[in-house]
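Trainee: Let me give you the structure first, and then I'll get to my questions.
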Amino acid sequence: MCLQSLTLLIIFTLFYSHAFALKKSYIVYLGSHAHPFTLLSQAHLDRVAHSHRTFLASFLGSHQSAEDAIFYSYKRHINGFAAVLDDKKASEIAKHPNVASIFLNKGRKLHTTHSWDFMLLEKHGVVHKSSLWKKARFGEDTIIANLDTGVWPESKSFSDEGYGDVPARWKGSCHGDVPCNRKLIGAKYFNKGYLAYAKFPSNSTFETPRDLDGHGTHTLSTAGGNFVPGANVFGLGNGTASGGSPKARVASYKVCWPPFKGAECFDADILAAIDAAIGDGVDVISASVGGDAGDYMNDGLSIGSFVAVKNGVTVVCSAGNSGPKPGTVSNVAPWIITVGASSMDREFQAFVELSNGSRFEGTSLSTPLPENKMYDLISAADGKAANASALQALLCKKDSLDPEKVKGKIVVCLRGDNARVDKGQQAATAGAVGMILCNDKASGNEIISDAHVLPASQINYKDGEAVFSYLNSTKDPKGYITAPNTQLHTKPAPFMASFSSRGPNTITPGILKPDITAPGVNVVAAYTEATGPTDIESDNRRTPFNVESGTSMSCPHISGIVGLLKTLRPQWSPAAIRSAIMTTSRTRDNTRKPMVDATFHKATPFGYGAGHVQPNKASHPGLVYDLNTGDYLDFLCAIGYENKVVQLFADDPLYTCREGANLLDFNYPSITVPKLTDSVTITRKLTNVGPPSTYRSYFHAPLGVEVSVEPKQLTFSKVGEEKMFQMTIGATSEKALGYVFGELTWTDSKYYVRTPIVVQLSS
């Protein structure tokens, strides 16, 4: 080839590569399908896909170009497609009247701290104390779907021993390398959105619904794992493990993959999984994933969840792990049940003892020290390598510790920035015999049990300060870490985890999020045996059960409870189920005092929503705040979406936004008034789901707020009867600025229907 031709080829290649690089993966949402019949033939689905190609071809110039660009056609319940496009074409498509929205195929994170600084309901877990299990036959009529990293089918949590035939309504299946049984009835994977974003070629790593990470197995077993006697993590926490709905059928929809640029789960794959799950016949979708909260129409999980709820499927999502910073809560769409994370009354205690006689309670799942003696202690900052800063060393970052300084000693590290288990790995690599991990101030009293690679214990902020003070006060500091043990009935519990994302809701401040909190700290559940419990490459240990923390863990607790309620109350809507869970929750801990956060200051609804879940009471709430699809459409109209966009959501070209739709009257089981400057009146509707009775209203008004309720009592004569009430809220003359909290309770002395009140006082 001549030099001139080679030069032209190089220029063309560079131009083509640059042009391709400018293209991005987009999702084009056209609304929901209104299919003319229930059983969809392949020919009908092919026609839907053809219509998507024809639509895109009108912008790209040919059917072939459209076919090359589209990598997903959403054909069953969600109407739309995902395609690789340049920004100009995306802008043109956005203007088409049949397009509800077009948005980038965004990436999300798993909402677990894993062992990386981020509970299976066991013998002492939240549901096992409840008679709801037996009432609901352990959730045996329910099908729970999990959107996550896949499933480890060999886990005993997915044994089908004692199960009957798979429900005839089930239309799902399992991929070849994950065998189905009568318990685990579905396993599929969705990777095209991930691969389109990362521009990776596919290979066997991306073509399996097997869980190679552990997160998916952990969350799915928490929601619906079968009974497993003798479950433990390296001998700790021994007991009978089970999920919230232990006899439910479960299905895994793998949408999360190895992190790429900080993201693991992509909207295009999430939409494809939800579309499949609805069509397969699931009752509950549990999604322990999320990202920054955003516009409802530009959020794949929000759109997919709307379609699922419209089809009677309850969707439960994690609130996020970006706490305790305010305004960090994600998955805030009002049709989703959004779950925060709190502790429970079981700890894996490993005490730190100092030679001065001090003793501090910590937590760990690690092996004990080799000898029962005092070891030399060293602050990680004092053990820093020559090329590392004191802060890098204090955080025990990679290559920050000097082996000559720390060998044979217990190293004291500070929590934050890098992974907790990685700190232990760095200490072990440098030759340390053990590690004391001290909380930073933000983490407070939240200590997390990890299966560290060396003997270790994590202690709270105050005790960590005492350890560092001791190190600075003596020339020969020594200490010891006791072997971990399981301690039950600890107090106070529950309290809010510091990592649990907080309100206020930044997208729609008039809706309180999260909705509820559930156990999400130090949760024991099934685990993959494809990797070690720390997910560190050199960790060759394997365990069928592991401890993890995060709102990823609290989300499936609620999903399991939803499964029980679905079995017990099949006629209830997803909104009625959420209302029952919220209005029967508690806001006091096991010391009978108000719940606190990780710093042991009083927690608020921005952390726990309505409160900590009480499953047994949720089965008999007395009254519920119900919502249907029309109410959600009114919500979209009330917050400002154009009528033509809401029409596409409604599947009705004649739909018109109801005049006077008001967010204050949206029948949510919490009452939130942002920027209150004057008096407002709020309307709510209660539906009776209990025996005939008369309920009276009682309220605790937020500080600086006047509250009145009319009528003051409601009489219900039959199940399904609806009654309206109005609450008027106004600021007092001596109001304080900022958010204040109260609650409204309707009670007949047997049932207590409690609703949080959140008011932002504004000048």
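Numbering starts at 1 and runs along the chain as displayed.
Placement of Cβ uses the backbone N, Cα and C atoms for every residue, glycine included.
In case it helps, TrEMBL gives these features for our protein:
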{"type": "SIGNAL", "residues": "1-21", "note": "signal peptide"}
{"type": "DOMAIN", "residues": "25-111", "note": "domain 'Inhibitor I9'"}
{"type": "DOMAIN", "residues": "139-597", "note": "domain 'Peptidase S8/S53'"}
{"type": "ACT_SITE", "residues": "D148", "note": "active site, charge relay system"}
{"type": "ACT_SITE", "residues": "H215", "note": "active site, charge relay system"}
{"type": "DOMAIN", "residues": "392-466", "note": "domain 'PA'"}
{"type": "ACT_SITE", "residues": "S552", "note": "active site, charge relay system"}
{"type": "DOMAIN", "residues": "665-759", "note": "domain 'Subtilisin-like protease fibronectin type-III'"}
Trainee: Return only the integer: C-alpha distance in Å from S552 (active site, charge relay system) to H215 (active site, charge relay system).
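Mentor: Between the Cα atoms of S552 (active site, charge relay system) and H215 (active site, charge relay system), the distance comes to 8 Å.
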Trainee: Determine, to the nearest whole angstrom, how far the Cα atom of H215 (active site, charge relay system) is from the Cα atom of D148 (active site, charge relay system).
Mentor: 7
Trainee: For the domain 'PA' (392-466), report the average pLDDT of the model, please.
Mentor: 95
